[in-house]
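TrEMBL annotations:
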type	residues	note
TRANSMEM	76-99	transmembrane segment
DOMAIN	77-504	domain 'Major facilitator superfamily (MFS) profile'
TRANSMEM	111-134	transmembrane segment
TRANSMEM	146-167	transmembrane segment
TRANSMEM	201-222	transmembrane segment
TRANSMEM	228-249	transmembrane segment
TRANSMEM	303-323	transmembrane segment
TRANSMEM	393-410	transmembrane segment
TRANSMEM	416-438	transmembrane segment
TRANSMEM	450-470	transmembrane segment
TRANSMEM	482-501	transmembrane segment
REGION	510-539	region 'Disordered'
COMPBIAS	524-539	compositional bias 'Polar residues'
Amino acid sequence: LRVVKFRRTGESTRSEEDAVSGEDEIQIEGVGTELEPVELEDGAAVPKEFANPTDDTFMVEDAVEAIGFGKFQWKLSIITGLAWASLYAMEMMILSILAPQLHCEWRLPSWQVALLTSVVFVGMMSSSTLWGNISDQYGRKTGLKISVLWTLYYGILSGFAPVYSWILVLRGLVGFGIGGVPQSVTLYAEFLPMKARAKCILLIEVFWAIGTVFEVLLAVLVMPTLGWRWLLVLSALPLLLFAVLCFWLPESARYDVLSGNQEKALATLKRIATENGAAMPLGKLILSRQEDRGKMRDLFTPHFRWTTVLLWFIWFSNAFSYYGLVLLTTELFQAGDVCSISSKRKEVKAKCSLTCEYLTQEDYTDLLWTTLSEFPGVLVTLWIIDRVGRKKTMALSFLVFSLCSLLLFLCVGRNVLTVLLFVARAFISGGFQAAYVYTPEVYPTATRALGLGTCSGMARVGALITPFIAQVMLESSVYLTLLVYSGCCLLAAVASCFLPIETKGRGLQESSHREWGQEMVGRGSQSPGVTRLNSGSQE
């Protein structure tokens with residue numbers, strides 16, 4: 001007889017020790033010896049349980065664990081990766097290509113060139129919380145579709161900008177749409193079983209690298225002949241493919257249950273089970289308690305207050321350090337090493353701010369190498385995140401980055417400088433992905449999208465500030481600049497260790513109410529002979 005096993009984990013208010021020692025495994029068996037058999041027309045007898053609906057109940061988390069990882073999740077991984085590559089990586093990578101081109105073509109001063117980058121982050125920062133609110137109120141799929149169509153529309157319009165002021169506004173509106181990208185991770189995570197969640201979200205970083213590499217290759221082909229306008233238009237077209245594929249995406253079953261639409265959620269789960277060739281748990285899908293969704297105050301309840309504050313600083317530090325390192329890399333490579341960068345600055349101060357240089361083939365090659373350096377970071381993070389936990393992974397990433405920053409104080413040669421910069425970027429990018437794993441796991445369904453959205457907004461604040469450190473402060477003191485980045489990451493490592501909840505080995509939380517979670521577990525054990533609870537057992 002076929003047995004469906006799944007683990008029902010406790011609610012988010014449980015402590016880290018409870019999560020390790022207090023897991024409840026629910027085993028639903030398709031037969032009980034004490035049940036009266038029912039005779040079919042051909043004389044065969046089957047247990048009564050198969051003839052009548054069982055009184056047992058299950059939640060979305062139980063169904064996702066029982067169905068497991070299969071064909072549906074593979075399709076969803078590709079679609080989410082496409083969003084990450086086209087909606088995020090390509091549109092961000094284009095900033096490093098567009099800025100020097102317009103600097104030369106439109107004879108822009110340096111501050112206007114820098115503003116082209118900053119305005120995108122302003123748009124992302126201002127919209128991140130809004131997209132999270134929309135996704136919590138109206139559904140993950142709805143928020144994602146609107147953000148994709150928004151970015152597609154204004155991305156294409158950017159190619160027709162006649163003057164600087166127009167492209168400044170249009171790129172800001174593109175950034176406003178990009179702010180909704182993290183909601184693809186929310187939707188993705190809510191369909192992943194616990195064992196596969198961390199690995200799958202981390203592997204999305206591979207699509208980031210693919211998207212940036214594709215953008216650089218597209219620029220090599222388009223820029224010499226067609227120019228930057230065609231590059232902007234062609235870079236937005238992959239979004240059209242994703243917009244079409246969005247119609248295949250189902251709405252999150254967790255969101256449907258939370259909003260009271262359990263029939264739609266059950267239909268979605270049955271569809272996934274059919275595609276994966278897996279069995280659904282027996283019983284009735286529980287209608288979770290209906291809560292106010294997408295409320296900012298829910299992020300600051302006594303249980304989540306410190307988690308929210310610490311995560312905001314962690315996300316800020318990630319973006320501040322990551323984009324700062326990207327800006328520093330060019331400066332340090334041009335100078336040769338840290339010791340000679342001050343003299344280099346003295347030489348270029350005499351140059352006019354309108355002096356410009358077009359990107360060369362060598363520049364594009366350097367961009368490719370810098371991008372490829374992120375692959376080792378993904379692999380290292382992928383290897384350690386389920387071994388040491390999410391909190392320690394983030395702390396380790398920040399510590400390695402801080403150590404590499406301090407080692408740059410030494411007058412190292414070009415080869416050692418390259419190694420230190422690549423190791424630092426590998427770990428800070430891996431730490432960024434670890435934060436993307438941890439954040440959806442720590443918040444319950446009611447505030448998951450909003451929590452991720454506000455964290456993403458804080459990351460954009462860091463990205464806005466870092467040019468003033470990596471470029472402006474660098475002119476005054478390279479050592480002070482490196483000390484700022486190193487100190488920030490040391491504090492972020494401490495913040496990671498002080499996060500009150502470790503989500504390793506824990507399912508996504510459906511509700512923020514402890515009592516409701518205990519009630520659901522209790523209801524699962526009300527049918528003797530059908531459901532068996534084995535506390536602390538491991539699959």
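The backbone N, Cα and C atoms fix where each Cβ goes, and this holds for glycine too.
If one looks beyond the transmembrane segment (146-167) by at least 6 residues along the same chain, the residues whose Cβ comes under 8 Å of a Cβ in the stretch are 83, 87, 91, 102, 106, 108, 112, 116, 131, 134, 173-174, 176-181, 183, 229-233, 235-236, 239-240, 242-243, 246. Within the chain carrying the transmembrane segment (76-99), a Cβ under 8 angstroms from the stretch's Cβ atoms is held by residues 113-114, 116-117, 120, 144, 147-148, 151, 155, 174, 177-178, 181, 184-185, 187-188, 191, 200, 203-204, 206-212, 214-216, 219, 223, 228, 231-232, 235-236, 238-239, 241-242, 245-246, 248-249, 326, 359, 367, 371, all 6 or more beyond its ends. Within the same chain, the transmembrane segment (416-438) stays apart from the transmembrane segment (111-134): fewer than three Cβ pairs sit under 8 Å, each pair at least 6 residues apart. Tertiary proximity for the transmembrane segment (393-410) is limited to same-chain residues at least six positions away from its ends with a CB under 8 Å from its CB atoms, namely 314, 317, 321, 325, 332, 338, 381, 384-385, 417, 420-421, 423-424, 427-428, 430-431, 434-435, 438, 479, 482, 485-487, 489-490, 492-494, 496-497.
Per-residue pLDDT, averaged over the domain 'Major facilitator superfamily (MFS) profile' (77-504), rounds to 81.
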